[in-house]
Amino acid sequence: MRGGSSDAERRQRWGRLFEELDSNKDGRVDVHELRQGLARLGRGDPDRAQQGVSSDWDADPDGGLSLEEFTRYLQEREQRLLLMFHSLDRNQDGHIDVSEIQQSFRALGISISLEQAEKILHSMDRDGTMTIDWQEWRDHFLLHSLENVEDVLYFWKHSTVLDIGECLTVPDEFSQEEKLTGMWWKQLVAGAVAGAVSRTGTAPLDRLKVFMQVHASKSNRLNILGGLRNMIQEGGVLSLWRGNGINVLKIAPESAIKFMAYEQIKRAIRGQQETLHVQERFVAGSLAGATAQTIIYPMEVLKTRLTLRRTGQYKGLLDCAKRILEREGPRAFYRGYLPNVLGIIPYAGIDLAVYETLKNRWLQQYSHESANPGILVLLGCGTISSTCGQIASYPLALVRTRMQAQASIEGGPQVSMVGLLRHILSQEGVWGLYRGIAPNFMKVIPAVSISYVVYENMKQALGVTSR
């Protein structure tokens, strides 16, 4: 092993560490001693490190770890750390320097500055050589909560928890371990349930947005309170949830199709590469989103028609589909498809770019202390990036909605995407392309909050472990 430690020396070192942690000297290290010891030694997050140690080697966590169990864990741990050290030591000179740290992050799609790489190195460099040798690496990570450099990406994974009613974002990344253990589908299910609850909770604002996109104009100055009042007067309070059923129903097929398409497209783009760069993720995510939208798009048209329906206009989902087919033909199910697909590029691109920018800014400022930014930072960055994506793609979303609703407006002109854009700009100006954006923004915070709470509870119910 690099570093020249004999087996006897390693066991002596492990024994000394065990004695440090065993504060009551009963020959076992229990959960409380482990937590207190890790906090005292400054070895990362005590909760997560303690979970990793006890889950690996002790059948009875309450009983604590014996010296033998603790030694077995550290032996296996050092072997994994040595493999990680070798993978980061690109030139195999026995030391990790600043440039190798930058290369490792770059391979994961994260761009960090020289100053930030030096901060990371300083946190482990005890002898002031501006490099990290095996002993420094081992001692820093032996009981540290991070398994590898990719844990930084785990914390920053753009999660399905942020469901704000639009499915145009780049899909989530799942590790090989998550795929092999089946955690990936549990996380997708948790995300789908969270999305369903979130969309149901914010359905009145979503219906108001669609209502204002289609009906608001210079001559019909529809505001938020006026729109809600009109809908309640026409169909009662429950009418505020019209169209929500199919909006929830389409979550599962769209998420599944997008995930499968993303994995296949990633494989084709990646080739022999280990990881995808941010630009490649954007291309793969956009193509996967376009694939999913192409397949489920008839459900989008049905959602718009059902959302805008008058009381008694349709008996239900199947009746709506039947009437559209009979009166307008199969092409009606793809009305507005072009602006919808074109909207994926600005939405997913800006969403991903803003998220990566915020992530890199956080890493440059704070990651020398911890790779985990905390849930408030994650939710804040996700909300800001999604909102920026929405602003950029909103005019196309409005044109799409109006085209989907064309046949449901009596005497409404059947115009193309370009024709509709020209009509809106000439009659209402640029602001006309942003009708309904106020209720759209109003639903972002409650949607994100609801989906996060439900997502975390669903993960717990399904047995999804957090690293």
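Even glycines carry a Cβ here, placed using N, Cα and C.
According to Swiss-Prot, the protein carries these features:
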type	residues	note
DOMAIN	112-147	domain 'EF-hand 3'
REGION	39-61	region 'Disordered'
REGION	149-158	region 'Linker region'
REGION	164-467	region 'C-terminal transmembrane transporter domain'
REPEAT	276-361	repeat 'Solcar 2'
REPEAT	373-461	repeat 'Solcar 3'
TRANSMEM	188-205	transmembrane segment
TRANSMEM	243-262	transmembrane segment
TRANSMEM	286-299	transmembrane segment
TRANSMEM	336-355	transmembrane segment
TRANSMEM	379-396	transmembrane segment
TRANSMEM	436-455	transmembrane segment
Who are the chain neighbours of the transmembrane segment (243-262) in space, where the CB to CB distance is under 8 Å and they lie at least 6 residues beyond its ends?
160, 163, 165, 167, 170-172, 184, 188, 191-192, 195-196, 199-200, 203, 206-207, 210, 284-285, 287-289, 291-293, 295-296, 299-300, 302-304, 306-309, 317
Same-chain residue ranges lying at least 6 outside the transmembrane segment (336-355) that approach it to Cβ under 8 Å:
158, 166, 168-170, 278, 281-282, 285-286, 289-290, 293-294, 297, 300-301, 381-382, 384-386, 388-390, 392-393, 396-397, 399-404, 417
Write out how many residues of the repeat 'Solcar 3' (373-461) are helix, how many strand and how many coil, based on DSSP.
75 helix, 0 strand, 14 coil
Structural state census, the repeat 'Solcar 2' (276-361) (DSSP three-state):
73 helix, 0 strand, 13 coil
Integer average pLDDT (0 to 100) for the repeat 'Solcar 3' (373-461):
86
